[in-house]
Structure formats: structure tokens, C-alpha cells
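See below for the structure under consideration.
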Amino acid sequence: MSKYDIIILGSGPGGYVTAIRASQLGFKTAIVEKENLGGVCLNWGCIPTKALLKSAEVFDYLKHAEDYGLSLEKADKDFSKVIKRSRDVAGGMSKGVQFLMKKNKIDVIEGFGKLKSGKKVAVTDNKDKTTEYQADNIIVATGARSRELPNLKQDGKKIIGYREAMNLDKQPKSMIVVGSGAIGVEFAHFYNAMGTEVTVVEYLPNVVPLEDEEVSKQFERSIKKAGIKVMTNSSVESVDTSGKKVKAKVKTKKGEETLEADIVLSAVGIKTNIENIGLEDLKIKTEKDKIVVDDYYKTNVDGIYAIGDVVHGPALAHVASAEGILCVEKIKGMDVEALDYGNIPGCTYATPEIASVGMTEKQAKEAGYDLKIGKFPFSASGKAKAAGKSDGFVKVIFDAKYGEWLGCHMIGAGVTDMIAEAVLGRKLETTGHEVLKAVHPHPTMSEAVMEAVAAAYDEVIHI
Ligand SMILES: Cc1cc2nc3c(=O)[nH]c(=O)nc-3n(C[C@H](O)[C@H](O)[C@H](O)COP(=O)(O)OP(=O)(O)OC[C@H]3O[C@@H](n4cnc5c(N)ncnc54)[C@H](O)[C@@H]3O)c2cc1C
């Protein structure tokens, strides 16, 4: 039986990054994958959606060429080519992981892995042949899939999840998106930009409900302006798929409404892949659909760890990777600090983009802080004006007493590439005045961070 120092189940951004770090640390490492290397993120999540959104952005520029003094006969699209480009990008990324595995001398074992007692993993391949492997340490990184609600059972055709949504043969004329988290609104934006009539139904009072309320409100205004119909405080009660069109009964504050569309996209969250992988046999604790782990991702069973979407914390690729790196560094005996879940950035890549880290204004108030808040609109930014993208703002939240940077919330073009400044600033316990004294380049969107901080301290220049 082949023996390893570390075997990892699942090759998403949790699994494959962990494998590389483990190999760097000198561990003999293997990774088990039942599908494509790179997991959801590279194949069905972060990357292919961003490829679709890039097509939407370019299409939008083409449609608005006149605004930039340019002319074009007619902006048009080929939906199947847009989808193909996204699939090709995903395929290329997965091949990249294959290369990284080889480069780092990591064995890739194809098949479905299951934990066995005695620190073994049984892998069943697509010919139903099962082989056992042994390891001193096993890390579960089996990720998650689209969550199904009982009244919104996905049939893959008329009621679909994210996988189908990024790989449709034909563009639907109309679509109901249930759920307005990042995944829901990214697809809503993509399909709306492509010309599909989109309605977003959100159960909570605000779209992108985890964001700062001001950001949610601005986002709702922007997507409505772009033509997306938004129904908040509303829930889809049932969907009738018997006819040519789907009919969704939606409960709103004003009563019941029936919406008709070609297709319903269910974007109501995720369900972890923790079934049939041997957790029960080994008596590994789970709670609320997650594997229970300590600060360094050890389960209640010696030598078995879990990271990524299968454990507590935000289900994000960068979180999965950071957890995996910490996990193997701890196994190596390194003196590592536990992950600060209060300083994880979250991004939504619709138009406008949203990026945030730390507390919202409401959370900071509830935590009892006395606040200094600054806001700078992109309408006052030279770079945003020049780009024709002046929707949105940067909002910063500081503790008035000690100057701690409690939160940063951005909405606008390119903000997902700007949030790292706040993450780093907060990690280094930077005060507002230190941000102000760090000269930002002109003209850039990032100046808006400096100006928002200046606004918090009544020193703003451009408003
Ligand atoms: C549409 C969409 C867009 C997203 N966009 C973003 C984004 O922009 N930014 C971001 O940070 N996050 C994004 N996410 C979330 C991100 O994809 C996940 O948080 C991330 O992929 C989790 O990584 P993971 O390694 O835990 O699991 P996964 O990426 O889910 O990988 C798990 C892997 O394990 C394999 N596996 C499962 N069970 C077994 C088994 N028993 N044996 C062998 N292999 C197994 C699976 O086939 C899969 O390849 C998005 C998700 C979706 C669905």
C-alpha cells in the first residue's frame, strides 16, 4: 500500500494549494480528486464566472461606444462563443493545476476518496476499482455544491443551479434569480447584460444582504438602472415547470405574485460535500452541515483535518487556501498564528463591483464603538470620470477612540482590486492618519480610499 505523509481529499483552492505548501515543507503528498483539478473555484466558480462577466463588460463597452466618442455598426454577441470562452478559460486553469502538481511532485490520485480507520483513504476510480492508501495526516477539502430548497428542486433544465447557469446551450429570454448573494447577482448581471430579462428575488430586505446597508442600497439602485427587476422581502413559494414557461409563485409584503420566465436560477447558498466520505464511521464531528475543527483545522480524530468550504467561516476560495496553508504549517510544527476571520475580504464582481472587509456600520455600532466614518464618491474621482465609471463610493469606518480601522466598504468599478489595501492596513493595525500620509498615485481609483479616510477626519480635499 502506498504511504504518504499527507493525503488531501479534493483539489479545489483548498486542496491543491495545501498540497503545494505541504510539498514545499518536505511532506510526501498526494491529492485525491473525483472530477477536475482546481475544484469548484477554477472549473465552476470564481474563474469561469469572471470570464463570463468580462464578456458582459466588453459587450457593455461596445454598446456604449458612442459615450467614448467611438462608433460601431452594431454591438452584437454570440452567446455560445461567450460560454465557450469561459469554459476554455476554466479548462486552461485546471491544466495549470496539473502542471503545478507535477512541478511540486504531488501524486494525483483520480477517483472518489473515502476515509477509512487506521488513517487510510480508499479511492474508487471510474472503473469501480478501489485502492487503499495510507497517510500520517489526512486533510478533507471536498468543498460544496449548490444548495437545493425543497420548493426549488433543481431539474437542471428549468430550475437550474450555478453549474448549468454558466454552461447553457441557449440564452434564455427571461430568468428569475432566487437569492441575491454574490453568486446570484453576478449571474443576474451577466444575463441582463447579454439581453435576458432578469428578475432577482431576495428574501431579506436588502440585496447583497451581507454588505453594509449603504452599499446594498446603492447596488440596488445601480442594477435597477441597468434594467434588472428587484424584489426584496420576497420569497419564491413554489415553481410550476409543467408549461413552456416556468411560473413562480412569489410571496411579497403586498401579497402573492406569479412571475413567468424561461428559467429559474436557484442561488440560495451551498451544501457541503460531507456525505459518504467516511465521517460517520470514524465518528468525526459535524455540526450544521460543516465538519467541526479547531483553530488549526484538526477534527476530533487524531491525524484528520478539514479545510475550505466544509468547515466554518466564509465559503471563499482565498479562505480555503489560507486555511490549508495554516493547517500544514501547523502539522509541520511551525509557530503559526490562527486565521483572523474578522479580516477576510469579500468581493462581488457584478457591475458595479462590491468589495468589503471588517465590520459594517451597523455591526460596529452594535459592538459599541464610537465611530468616525468617511465616504468618498467616485463621482468626485478624476480617474472614475475619465473611465466613464463614476457610480459608487468608498466608505471607511474607524474607531474614534484609538483610530482602529474597523471596516472598509467599496462599490464601483474595479474595487475588488482595491480592497487589499484595507486588508493589509488592518492587518498592520494602521491608523487613519497613516493611510493619509501614504501617498496614493494620481489619477487612480485608489485615491478614493485616501480621500474617504480624509473625509473621516474632516480633511477631505476633493469634495
Ligand atoms: C458560481 C460561483 C462563483 C464563485 N466565485 C467566487 C469568487 O469570485 N471568489 C471566491 O473567493 N470564491 C468564489 N466562489 C466560492 C469558491 O468557489 C469556493 O469557496 C471554493 O472553491 C472552495 O474551495 P474548496 O477547496 O473548499 O472546495 P472546492 O473548490 O469545492 O473543491 C472540492 C473538490 O473536491 C472534490 N471532491 C469532493 N468530494 C470528493 C471525494 N470524496 N473524493 C475526491 N474528490 C472529491 C470535488 O470534485 C472538488 O473538485 C464561487 C463559487 C461559485 C459556485
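Cβ atoms are placed via backbone N, Cα and C, with glycine included.
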Of the candidates Cys46, Cys327, the one TrEMBL records in a disulfide with Cys41 is Cys46
Checking TrEMBL, the member of Glu164, Glu202, Glu256 that binds NAD(+) with Gly179, Ser180, Gly181, Ala182, Ile183, Gly184, Val185, Glu186, Gly269 is Glu202
Restricting the recorded positions Gly179, Gly181, Val185, Glu202, His442 to those with Cβ under 6 angstroms from ligand 1 leaves none
Model confidence over the domain 'Pyridine nucleotide-disulphide oxidoreductase dimerisation' (344-452), as mean pLDDT, sits at 97
By the 10 Å Cβ-neighbour count, the most surrounded of the binding-site residues Glu202, Asp309 is Asp309
The rounded CA-CA distance in Å from Cys46 (disulfide bond) to Gly113 (FAD binding site) is 24
Widest Cα pair spacing in Å over the listed NAD(+) contacts Gly179, Ser180, Gly181, Ala182, Ile183, Gly184, Val185, Glu186, Glu202, Gly269 is 14
For FAD, with binding residues Lys50, Gly113, Asp309 per the record, max Cα distance (Å, no decimals) returned as 30
Going by C-beta under 8 A and a gap of 6 or more residues, the same-chain neighbours of Cys41 (disulfide bond) are Gly12, Pro13, Ile47, Ala317, Ala320
Within 10 angstroms of the C-beta of Gly181 (NAD(+) binding site), the count of other C-beta atoms across all shown chains comes to 20
